[in-house]
Amino acid sequence: MSKEKFERTKPHVNVGTIGHVDHGKTTLTAAITTVLAKTYGGSARAFDQIDNAPEEKARGITINTSHVEYDTPTRHYAHVDCPGHADYVKNMITGAAQMDGAILVVAATDGPMPQTREHILLGRQVGVPYIIVFLNKCDMVDDEELLELVEMEVRELLSQYDFPGDDTPIVRGSALKALEGDAEWEAKIIELAGHLDSYIPEPERAIDKPFLLPIEDVFSISGRGTVVTGRVERGIIKVGEEVEIVGIKDTAKSTCTGVEMFRKLLDEGRAGENVGVLLRGIKREEIERGQVLAKPGSIKPHTKFESEVYILSKDEGGRHTPFFKGYRPQFYFRTTDVTGTIELPEGVEMVMPGDNIKMVVTLIHPIAMDDGLRFAIREGGRTVGAGVVAKVLG
């Protein structure tokens, strides 16, 4: 089977299905690929091809995820679907599958259920920016008033977690009927695709964001000065531009006097490239791994934040025992470990392996961070959890 050429002409958008177990997420995923392939070209994926998802590792955590792709006339979508609730929790927290928007599937026969709420909350915590609702199994509900009631409940739930519930697109459909080729319900899948195109804005590309490079190594080159190396996470750095060195110590300023890659001198380094950046007037000992180079004013160092974390189960190589308040692990951000203390939510005494939990973390050194930054929780170099900065506090 030859690999299809990756079409670079269309904007690329990452989405995924979320929602309560058995509300039809995987059936909808199959229906979208099938109906869009039939309408706009591309390849359909059967339910059972999606449901037996392969395992992947993200930050040392095993997650079952299915990836499908589909096209509308204006965009190319990469779509993730997870078989189990725990896989969603892990996926969203580790950022293994970053979503530019999510399709929340709610069965009209049940209305919102506990995992519906949990996935909306997780979406808020981990920074999923847009949610579109697919009200599924509408072929099984004859009562218009009941559908309106369920719709109202979903809108209220979204609003509770700071999503714009009143303005959220809601499509009433039947994934199964659409998959079976019923034209009336296929039209609802096309309607859903239309909302994906219009409601989720085109994501900003990494290269268009402000420059950031996590420092991996520092060298001093006699006669030339200090070079830091790392992979440019976002943006572009040009020779002659000012940069800030942020994190761990007080923020310092410098100027980039050279960029090199594979021993060749360049005039700029771009997102995704591994580069060496030569800095003016900085001594080797003034800079260290774990700091970042950044566009001045674009990122600040912080020590305290609210986070959403997933603690690995024993089977995943995590802890065998719970931990309590006063737990002091290392938090691994980008390229370095920093010790931190935790505060658990009111009424939570201990955290078991396999749990996901909200916690406030205070680090002993500041780290350059924004909301949405991912981290690992480690004990002596072994990963015991994964987390995301939900809200910077100080």
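Just so it is clear, glycine is given a Cβ too, placed from its N, Cα and C backbone atoms.
Under the three-state DSSP scheme, K25 (GTP binding site) falls in the helix class. Cβ environment of K25 (GTP binding site): T17, I18, G19, D81, V105 lie under 8 Å away, each six or more residues apart in the same chain. Taken from Swiss-Prot, the feature GTP binding site applies to 19-26, 81-85, 136-139.
The Cβ of T26 (Mg(2+) binding site) lies under 8 Å from the Cβ of T17, F47, I50, D51, S66, D81, P83, each of which sits 6+ residues away along the same chain. Look at Swiss-Prot and you will find T26 tagged as Mg(2+) binding site, backed by sequence analysis.
Summarising the annotation, Swiss-Prot assigns domain 'tr-type G' to 10-204.
The region 'G1' annotation in Swiss-Prot covers 19-26 and is backed by similarity to another entry. Residues 47, 50-51, 66, 81, 83-85, 104-107, 110, 112-116, 119, 136-137, 175-176 of the same chain, all 6+ positions outside the region 'G1' (19-26), place their C-beta atoms under 8 angstroms from a C-beta of that stretch.
Summarising model confidence by region, the region 'G2' (60-64) averages a pLDDT of 80. Annotation source Swiss-Prot lists region 'G2' at 60-64.
Using a Cβ-Cβ cut-off under 8 Å and counting only residues 6 or more beyond its ends in the same chain, the region 'G3' (81-84) has close neighbours at 16-17, 21, 25-26, 29, 50-53, 63-66, 68, 91. The region 'G3' annotation in Swiss-Prot covers 81-84.
The feature region 'G4' is assigned by Swiss-Prot to 136-139. Within its own chain, the region 'G4' (136-139) is flanked in space by residues 23-24, 27-28, 105-109, 147, 172-177, 185, which lie at least six positions past its ends and keep a Cβ under 8 Å from the stretch.
Here C82 (GTP binding site) comes close to G16, A53, I63, N64, T65, S66, Y88, N91: these same-chain residues lie at least six apart in sequence, with C-beta atoms under 8 angstroms from its C-beta. The Cβ of D22 (GTP binding site) has 12 other Cβ atoms within 10 Å, all protein chains considered.
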